Amino acid sequence: MLQAIPGKNPSPPDFHYLPVDGKMSPEAANFPLEPLLSNSSGDKSNIAWTYFILNIPREAGGGNIHVQLQADTTLTYELYSRFGGLPSLDTWDYYYANKSSNSNGSMFFKVYDSSDEGASFYILNAREGRWTFGLRHHVLPIGVSNLRTTMSLTVERCPNKCSGHGSCKFRMDDSGLSFSSYCGCDRDYGGFDCGITVVTHLDLPRWTCALRWISSSCHVPLKWHVLQSVALIGSNAAAILPAYWALRKKAYAEWVIFTTSGVSSALYHACDVGTWCALNFHVLQFMDFWLSFIAVVSTFIYLTTMEEGTKRAIHACVAILTALMAITGATRSSNIPLVIGIGASGLFIGLIIEFSKTLKSILWSRRLNLNIIERWLSFKVWLYNLLKTIRSRFRWIFVLVGFVLVAMAAVSWKMEGTASYWIWHSVWHVTIYTSSFFFLCSKITSVNGEGQASEESPYELTRQDSFPR
């Protein structure tokens, strides 16, 4: 059994845990393991389990359990944890065997430091109540062991005190009965403990230092925060291109969508980089992703020639679907192919609606039903006219450029990383908006009944000669 000893921090306090034997000083931060380990395995495997049981009080609920193991030689112990029961090889919540085998894939388990001689990891947002840590180890020989391993168990409000790059924040749940803590990181840092540098720093070369009249060491970091902010916010100006073309073609719905998408994305990234938050961060994030989804689908729907009533119905369905996607998981990578699939489906539905009447007249004509050969010939003529109409409906060079830009946008999305996020995401803004512009430009809006573009084929009115010959 381990007893909780409050720390010196104000409310809510931190706790560290020590064995209930009275031999440890309350000021001690860790305790030796070997004197406490079991020397009986219960079977022939020579493997034993030693359980450490601790209770997290209500005032510490929602904190983070920090576990540290440090050995003089190679660490050979495996640690399994479970809430409300004893862990085993088959039943556990989190575990640590070595630096390559642990629960680090879980969102509530973070390995802070790991080596052959020791380990340091966190269980985040631990619930109040009884936790059991099972140490799986070889049976130690009777007598004094040459091994020397120490263990430390603490419940901290903010991991590593936010690494000195942030402040500890507290959040009450909806019931008002418990609260959790998290690190509110400074502008240039991120991660669960603010230990990740988000904004890149650049060391000035020696000749630049001389030019800048820097008298101190030349290893003065130059923060690129302003440049990154300008890139992430200013790259949304590319939304002007599709918005301008939609306004020129009097497609007012698309104009509103592209304009608001660019503005909301700029406001979201202004808040994301810490420049200025016009609204709540989560509201801005939702608006950015939602309007981006609608803008992609609207580009596809614009390429059809459906009636306005049908377009409005499809836009309403798309708005509902994309809103659900944005509110449940806006940043999922799977949203991109899903949105493109929805847009392509809208384009396909538009083409089906446009040409369904002609196809229906061919398939259900009474005269053609009596002659299979004539029906087949009529269908071939219809199919030829369909392909001819689709070919003359678009400027295909613009379609090709649009697809090239979409491919560039996909590459930039894939290349995004912690340090290069601002570069590739700015490229994403430019390429995705510009691709929409070229897709909009590819449509030849006015098409006559023969499937030829009227704006490409000017005609003249002819006067009938009514005089007799």
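Note: Cβ is positioned from N, Cα and C throughout, glycine not excepted.
Remember, it's a predicted structure, so these values are computed and weren't measured experimentally.
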From the ranges 253-273, 421-441, grab the one TrEMBL calls transmembrane segment. 421-441
Tally of helix, strand and coil residues over the domain 'EGF-like' (183-194) according to DSSP? 0 helix, 5 strand, 7 coil
Checking 289-306, 313-330, 421-441 against the transmembrane segment (336-356) for Cβ pairs under 8 Å, the most are found for 289-306
Please figure out which one of 289-306, 396-415, 421-441 racks up the most CB pairs under 8 Å against the transmembrane segment (313-330). 289-306
Remote residues contacting the transmembrane segment (396-415) - C-beta distance under 8 A, at least 6 residues beyond either end: 333, 336, 424-425, 427-428, 431-432, 434-436, 438-439, 441-442
